[in-house]
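Peer 1: Have a look at this one before I ask anything.
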Amino acid sequence: MEDLYPSRQNNQPKILKRKDPVIYTDRSKDNQAPITKEQLDSYEKNGFLQIKNFFSEDEVIDMQKAIFELQDSIKDVASDKVIREPESNDIRSIFHVHQDDNYFQDVANDKRILDIVRHLLGSDVYVHQSRINYKPGFKGKEFDWHSDFETWHVEDGMPRMRAISVSIALSDNYSFNGPLMLIPGSHNYFVSCVGETPDNNYKESLKKQKLGVPDEESLRELTRIGGGISVPTGKAGSVTLFESNTMHGSTSNITPYPRNNLFMVYNSVKNRLVEPFSGGEKRPEYIAVREKQPVYSAVN
């Protein structure tokens, strides 16, 4: 298969134009979408969309309870699915929750989310990756700028830009508690990064990403084109959907206010993983689902 988005192959970074649609369902069918035309326009232009108060207060309480019960149950468990902060033993992320936990399986199968995702991707979908992210007050560490698609393409073999990340806020998101930051319009440009991917790179990158991180000049250019940086803020229960190639990152959290979220990545069934474009070993199933792929269709 031709590599349309080569990265980590040269000693100089390069910005390539996107070769894929942003919204896969024809825009003539906007009236059939579960979101408004204005929301579709915003997603297509910016590469992300925040929907505030998506989940009710009761649903948020249930999800908050579930993420902390799971965290407490495995705090002393040694598991590759549990990622801990690089300078402590605090849990940073728990992966593969959509298949390992019945409650989060139900959340992944929420019709309200699936209707939007299926419309944007123009097909049935499956969960490529799921995780809970914990960013406690005073301790939560930063995560450098990156495009998820760059990693999924190079290390997992995701062929095209036909996936969407859904971040469910389970804490109030402020502009100061290590929030998600996104560069508007960056999904239209692929930053081909420098470096060579070693086997098992994920063991380090999930704690602190060093490869697949864009250079400063490319980031300056993306922010110039996009007109700056956006920070979705809002109450717990808000949902932010962002396109697989949207450049994003977050700062450390030095405030008393935690920022926790449930993160689901939906990939089109027409965009299933092939061999990693790095030529290296496949990442584990709990990071990049290949084998067990329950398909979320309009029928079920």
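Using the three backbone atoms N, Cα and C, a Cβ is placed for every residue, glycine included.
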Peer 1: Pick from 1-23, 139-161, 185-207, 208-230: which range does Swiss-Prot record as region 'Disordered'?
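Peer 2: Range annotated as region 'Disordered' by Swiss-Prot: 1-23.
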Peer 1: By DSSP, how many residues in the region 'Disordered' (1-23) are helix, how many strand, and how many coil?
Peer 2: 0 helix, 5 strand, 18 coil
Peer 1: Are there any residues in the same chain, six or more apart in sequence, whose C-beta is under 8 angstroms from the C-beta of Lys135 (2-oxoglutarate binding site), and if so which?
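Peer 2: For Lys135 (2-oxoglutarate binding site), the qualifying residues are Lys141, Ser171, Asn177, Gly178, Ser250, Asn253, Pro258, Arg259, Asn260.
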Peer 1: At the Cα level, what's the spacing in Å between His146 (Fe cation binding site) and Gln129 (L-ectoine binding site), rounded?
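Peer 2: On Cα coordinates alone, these residues lie 17 Å apart.
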Peer 1: Write out, in the order they occur in the sequence, the residues of the chain not among His146, Asp148, His248 that have a C-beta within 8 Å of the mean position of the C-beta atoms of the recorded Fe cation site.
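Peer 2: Along the chain, the qualifying residues are Trp145, Ser147, Phe149, Glu150, Thr151, Thr246, Met247, Gly249.
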Peer 1: Pick the one among the recorded positions Asp148, Trp152 whose Cβ has the fewest other Cβ atoms within 10 Å in this structure.
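Peer 2: If we count Cβ atoms within 10 Å for the recorded positions Asp148, Trp152, the smallest count is at Asp148.
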